[in-house]
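Undergrad: Relevant sequence annotations retrieved from Swiss-Prot are reproduced here:
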- 1-227: region 'Pyrophosphorylase' (REGION)
- 9-12, LYS23, GLN74, 79-80, 101-103, GLY138, GLU152, ASN167, ASN225, ARG331, LYS349, TYR364, ASN375: UDP-N-acetyl-alpha-D-glucosamine binding site (BINDING)
- ASP103, ASN225: Mg(2+) binding site (BINDING)
- 228-248: region 'Linker' (REGION)
- 249-453: region 'N-acetyltransferase' (REGION)
- HIS361: active site, proton acceptor (ACT_SITE)
- ALA378, ASN384, TYR385, SER403, ALA421, ARG438: acetyl-CoA binding site (BINDING)
Amino acid sequence: MTQLSVVILAAGKGTRMYSDLPKVLHPIAGKPMVKHVIDTAKQLSAKQIHLIYGHGGDLLQQRLSAEPVNWVLQAEQLGTGHAMQQAAPFFADDENILMLYGDAPLITATTLEKLIAAKPENGIALLTVVLDNPTGYGRIIRENGSVVAIVEQKDANPEQLKIQEINTGVMVASGASFKKWLSQLDNNNAQGEYYITDVIAMANRDGYKVEAVQATNLMEVEGANNRLQLAALERYYQKIQAEKLLLAGVTIIDPARFDLRGTVTHGKDVVIDVNVILEGSIQLGNNVKIGAGSVLKNVVLGDNVEIKPYSVLEDSVIGESADVGPFARLRPGTELAAKAHVGNFVEIKKSTIGEGSKVGHLTYIGDSEIGANVNIGAGTITCNYDGANKFKTIIGDNVFVGSDTQLVAPVTVASGATIGAGSTITKDVAADELVITRVPQRHIQGWQRPTKK
């Protein structure tokens, strides 16, 4: 089987984005456009991925430092052919070279596999699409059904401008063929650029067969040159993700108001309300309910978990039949055991909450271990930070913590203890003790409220 290498063109500035960020780093579903293309290339088992970079190269390399790509500098942006010329020294004669674009993130491996399979042994295959309005695109010129050339919009004559089949820019040929044709490119055109599309005419001249494969989905080959186009790609991507989940049995109340910015696995009878955002790696058990406006990132939810509206969870694990929210925030390192309850306006960070325990409202729990069947009263704060270091609070099983309590870490409250409301706990509490630290109540008779003078 012939090996495959992929070239991704990613040197453009993206002037119409009006941004300091290189165009290909603008995100679709929370991931840079070019990263989508790299991931697709990986699905094709490419031997090597050559990434052509230019504008914003330092930032591009920084953001993609973990990617297994060969960085190829295009110091001057003199056209697509010029970009390919920079990568040509790395091409092996006997491998196939697939050319992709870093700002066209929705191309699928399935479509590219069809294109690669259609490539003649001695020839080139290119991906085309038919548009109702082809303005701005290179036109496919055919003679007797065969592709003989591609003419760019600015170089096309009036008759050629009527053609609706356009070039997507995606093509595949052997390394030897590309090297031969790239060495013969010139910039004798209206733009003064080196067009990769000129290799089609060269292939015909040399007697090579040119095979065209029509993409069936326009959005798959669409690029994003401005933020309006970027938003259109985002909406299409999210539509596809929602449809996949719906067909797999997930209820999404309004697919147009759902965003998936990562991957999700799920059980049966999951219900997702409107304006929910799922990021990173999400695992949902059976009968999970996620309320409106909630944001989940890298979260595991067990069976029968309910996330009530407008809750934010990150890097957290929620046990079966637990519930969270509304308006709760679970920060990284939070683990809730089965049947735990976290109510409104509660923030938890790097803490475990035991089975059946309740943190009802208006509470901060940080760097803590809380046992089973504990009740944390409203307004409780674990004071875990002294301005320099973090300290731990440990609460045993069956503890009752009254409202408006401050637990000054490091501190341990043993099982069965009761903390009276309004207490500030600075020392360890033994099992089954009652601790009250508030000032005794005083009654002042005959007191007069002050009046305005």
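Backbone N, Cα and C define each Cβ position, glycine as well.
Can you tell me where each of these features sits in the structure?
TA: Under the DSSP three-state reduction, GLU152 (UDP-N-acetyl-alpha-D-glucosamine binding site) is assigned to coil, being neither helix nor strand.
ASP103 (Mg(2+) binding site) falls within neither a helix nor a strand when secondary structure is assigned with DSSP, and so counts as coil. Here ASP103 (Mg(2+) binding site) comes close to ALA10, GLY12, GLY14, LYS23, VAL24, MET33, VAL34, GLY223, ALA224, ASN225: these same-chain residues lie at least six apart in sequence, with C-beta atoms under 8 angstroms from its C-beta.
Distant neighbours of the region 'Linker' (228-248): 17, 26, 28-29, 105-106, 219, 222, 255-256, 258-260, 264, 266, 272; these residues of the same chain sit at least 6 beyond its ends, with a Cβ under 8 Å from one of its Cβ atoms.
In the predicted model, the region 'N-acetyltransferase' (249-453) has a mean pLDDT of 98.
Close to HIS361 (active site, proton acceptor) in the fold, though at least 6 residues off in sequence, lie GLY343, ASN344, PHE345, VAL346, ALA378, each with a CB less than 8 Å from its CB.
Long-range neighbours of ALA421 (acetyl-CoA binding site) (same chain, six or more residues apart, CB within less than 8 Å of its CB): GLY377, GLY402, SER403, ASP404, THR405, ARG438.
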Undergrad: Out of the binding-site residues LEU9, GLY79, GLU152, ARG331, give me the one sitting nearest to TYR385 (acetyl-CoA binding site) by CA distance.
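TA: It is ARG331, whose Cα lies nearest.
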Undergrad: Could you measure the widest C-alpha to C-alpha distance across ALA378, ASN384, TYR385, SER403, ALA421, ARG438, the residues recorded as binding acetyl-CoA, and give it to a whole number of angstrom?
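TA: Greatest Cα-Cα span of the listed binding residues: 22 Å.
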Undergrad: Per DSSP, to which secondary structure element type does ARG331 (UDP-N-acetyl-alpha-D-glucosamine binding site) belong, with helix, strand and coil as the options?
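TA: The residue in question, ARG331 (UDP-N-acetyl-alpha-D-glucosamine binding site), is coil (DSSP, three-state).
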Undergrad: C-alpha of GLU152 (UDP-N-acetyl-alpha-D-glucosamine binding site) to C-alpha of ASN384 (acetyl-CoA binding site): distance in Å?
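TA: Given the Cα positions, GLU152 (UDP-N-acetyl-alpha-D-glucosamine binding site) is 65 Å from ASN384 (acetyl-CoA binding site).
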Undergrad: Return the residues near ASN375 (UDP-N-acetyl-alpha-D-glucosamine binding site), defined as same-chain residues 6+ apart in sequence whose C-beta is under 8 angstroms from its C-beta, sorted by sequence, else 'none'.
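TA: Listed in sequence order, they are SER357, LYS358, GLY360, VAL399, PHE400, VAL401.
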Undergrad: Using a 10 Å cut-off on Cβ-Cβ distances across all protein chains shown, tell me which of the binding-site residues (LEU9, GLU152, ASN225) has the largest neighbour count.
TA: LEU9
